[in-house]
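Some features that TrEMBL has for this protein:
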type	residues	note
DOMAIN	B:282-395	domain 'FAD-binding FR-type'
TRANSMEM	B:12-31	transmembrane segment
TRANSMEM	B:51-71	transmembrane segment
TRANSMEM	B:102-120	transmembrane segment
TRANSMEM	B:165-189	transmembrane segment
TRANSMEM	B:201-222	transmembrane segment
Amino acid sequence: MGKIEWAMWANEQALAAGLIYATGGIVGVAGQFRGWQFAAFGIAAGVFVCLLEYPRSKRGKGTSVERTGQYCFTVCVKAFGPLTRNYYVRAFLHAALCVPGGFMLATVLGCVCLGIASLIYLSAAIHGEHWEPILPRTEPPKRVGNSIKEPPQNPPPRPPPELRRKKADKLEPAAYDNPMSVTINE
Amino acid sequence: MGNFAANEGLSIFVILVWLGINVFLFVYFYLAFLIERYYYTRVILGHALSWARAPAACLNFNCMLILLPVCRNLLSFLRGSIQYCSRTAARQLDRNLTFHKLVAYMIAFHTAIHIIAHLFNFERFMDSQLMINSSYLPYVLSQMGNNDNRSYLNPIRTNETNPTIVMFTTIAGLTGVVITLALILIITSSMEVIRRSYFEVFWFTHHLFILFFIGLVLHGVGRIVRGQTLESVKVHNPDECHSQFETWGKNGTNCPEPVFAGNPPMTWKWVVGPMILYVCERLVRFYRSQQKVVITKVVMHPSKTLELQMKKKGFKMEVGQYVFIQCPSISQLEWHPFTLTSAPEEDHLSVHIRIVGDWTQALYTACGGDKTVVMDAWTLPKVAVDGPFGTASEDVFRYEVVMLVGAGIGVTPFASVLKSVWYKHVQENKNVFTKKIYFYWLCPETQAFEWFADLLQSLERQMMEKDISDFLSYNIYLTRWKDAEAAHFRVQYEAEDDPITGLKQKTLYGKPNWDNEFSAIATQHPGSKVGVFLCGPMALATALGKQCISHTESGTEFIFNKENF
């Protein structure tokens with residue numbers, strides 16, 4: 001099916017699941033439904049999942065598109081090192097978080113969506129993918145070439161263009177051929 | 001302003017009408033459940049009933065609409081017929097995918113409202129079964145219909161259950177879960193990131209819509225929305241009788257026990273039409289794909305570009321359209337779109353395919369890309385072609401002076417336009433209205449489109465032979481280059497032919513100064529209408545749009561056509 005990076009889809013699914021989990025939780029708590037404690041857990045878990053999933057991973061191949069303002073989240077998520085890098089850990093975490101949602105109607109949808117996201121992450125982990133932070137590239141300092149040590153070959157004052165131009169047979173020497181010598185000793 | 005109204009007016013009108021219908025349905029069905037028949041339902045549920053039914057009606061409407069913009073062949077047919085009446089209306093049909101997405105977002109929005117309202121409904125139904133107190137009207141109502149299990153009001157029939165179990169054991173609940181999950185999976189795999197990079201995931205997941213529609217039609221079969229029957233309302237008036245619930249049906253009262261029934265499913269009435277149309281659409285696509293297509297010529301261009309020339313019986317196209325190509329030997333299920341680079345006047349159809357991914361790479365190998373020997377025609381793979389679809393740029397020929405601006409890969413449809421103009425002008429010697437074309441090509445590197453430079457070269461040669469070199473004036477702008485290349489350009493400054501493209505007109509570096517260009521054209525062609533056609537990024541579209549407006553002075557009028565090729 002082409003070289004799909006499952007983690008990209010798992011990420012979208014998990015983010016959506018987090019939102020749905022949290023919304024279901026809010027409805028459960030606001031409406032004071034039976035089992036609202038599960039709904040409260042749902043809000044916490046949903047928000048946590050959203051924060052974890054918001055920063056997109058760097059793609060293995062191709063350009064990565066950041067989500068708006070994801071840099072601070074990237075830094076936080078990166079700080080947990082292997083826990084967030086490894087997708088097996090994420091798959092297991094999502095599976096664990098989704099279970100309490102199944103006990104109450106308002107959070108059931110969030111539970112199932114998060115479960116699906118967990119499965120897709122498992123697939124990503126099996127395919128050897130891992131989370132890479134998208135960090136701004138630091139430019140290497142511009143290195144100055146050796147030619148800076150040589151004086152310019154054709155400094156002004158220069159003769160007018162008619163004398164400077166050479167015929168097109170020998171281009172390379174023609175470009176750098178000076179009508180008068182410019183080195184120091186001659 | 002006039003330009004804006006001409007270009008966008010119809011779109012805005014369509015969107016407003018669509019939103020208006022949504023609002024109307026919402027309010028109408030909200031009020032429809034505030035009538036007497038549902039008095040007792042509302043005793044238990046309150047307004048959550050209306051909050052669930054109103055988005056349900058909107059969902060019916062939008063699910064009906066969502067299949068229509070993706071019936072490509074139907075739209076092509078409509079486009080062809082409407083074109084003679086109104087070109088603006090015909091162009092509206094080219095924005096079908098935008099409309100499809102808008103309707104999808106609306107479906108997601110209404111689904112959210114519908115689900116939240118039903119969460120309250122389930123909770124309240126459950127509550128009224130659990131508050132066991134015969135002086136409590138909701139409880140009394142929930143016990144109605146316990147004898148025959150048909151004339152009940154509360155779909156939760158016992159107090160030894162919970163809403164989650166009820167959801168999974170009712171038809172409405174189960175189908176609801178299935179269609180919501182299908183919808184969520186479809187939406188997450190349709191995000192731009194996934195769609196652009198992993199198209200197959202998007203395409204295959206999108207087919208969950210079949211499950212979605214089946215579930216949608218079955219969703220109301222359980223008749224879970226219940227209200228008093230009409231006969232019951234005649235003998236038992238809720239307004240009068242609701243306070244005497246402890247004596248219903250007993251001797252000496254005016255109020256017999258109320259009888260309840262469920263509403264029949266309505267969704268199928270909305271969606272059956274579009275579903276049939278869509279099935280026909282897929283059948284038409286299948287039929288067209290079975291038509292024989294013969295590859296007559298394969299050209300390997302430098303920089304990984306493959307040109308396929310094909311013949312298909314009865315194929316008619318217009319300039320700037322695209323086709324879908326399938327190669328069964330590579331993949332039975334994948335159809336990929338490519339812009340047509342041949343002109344309608346030619347006897348074959350051609351596409352230029354860049355080798356970027358798996359499918360194109362496999363096509364390259366199948367067409368003998370790696371081999372240096374000539375391949376026999378019968379060894380070439382069988383292909384299927386569906387189309388043509390999309391914007392026809394016939395409008396180009398309605399202007400006396402035309403500016404064509406293509407950025408990067410956006411130059412491809414112009415190949416078709418230029419060839420067609422060439423055929424019209426020179427070979428058939430028709431009195432072509434278009435007298436002058438200014439062509440601007442902005443690209444980061446010309447290598448990827450060397451084939452296009454070849455086309456320009458041959459046009460240039462032919463024009464010189466016919467002595468009409470003034471007809472086409474093209475400007476190629478290289479917007480990015482490496483330092484090493486820059487040194488080479490500098491050195492070749494005096495050469496007669498351009499070092500990159502080999503054309504007489506030199507490649508220019510950097511981005512064009514649109515102000516100067518527009519002014520120059522305005523001075524050259526006073527008093528005429530200049531059509532400006534762009535195929536490129538949005539930023540360029542805004543810039544050109546502004547230029548058109550600011551340079552439209554007395555006499556010269558610049559009309560901007562922002563087409564999505």
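Glycine is no exception: its Cβ is also placed from the backbone N, Cα and C atoms.
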Of the listed stretches (B:12-31, B:165-189, B:201-222), which one yields the highest count of Cβ-Cβ distances below 8 Å with the transmembrane segment (B:51-71)?
B:12-31
In the domain 'FAD-binding FR-type' (B:282-395), how many residues does DSSP call helix, how many strand, and how many coil?
23 helix, 39 strand, 52 coil
Apart from its near flanks, which chain residues at least 6 from the ends of the transmembrane segment (B:165-189) lie with a Cβ under 8 angstroms of it?
104, 107-108, 111, 115, 118, 122, 126, 155-156, 195, 201-202, 205-206, 208-209, 211-212, 215-216, 218-222, 224
Please compute the mean pLDDT of the model over the domain 'FAD-binding FR-type' (B:282-395).
84
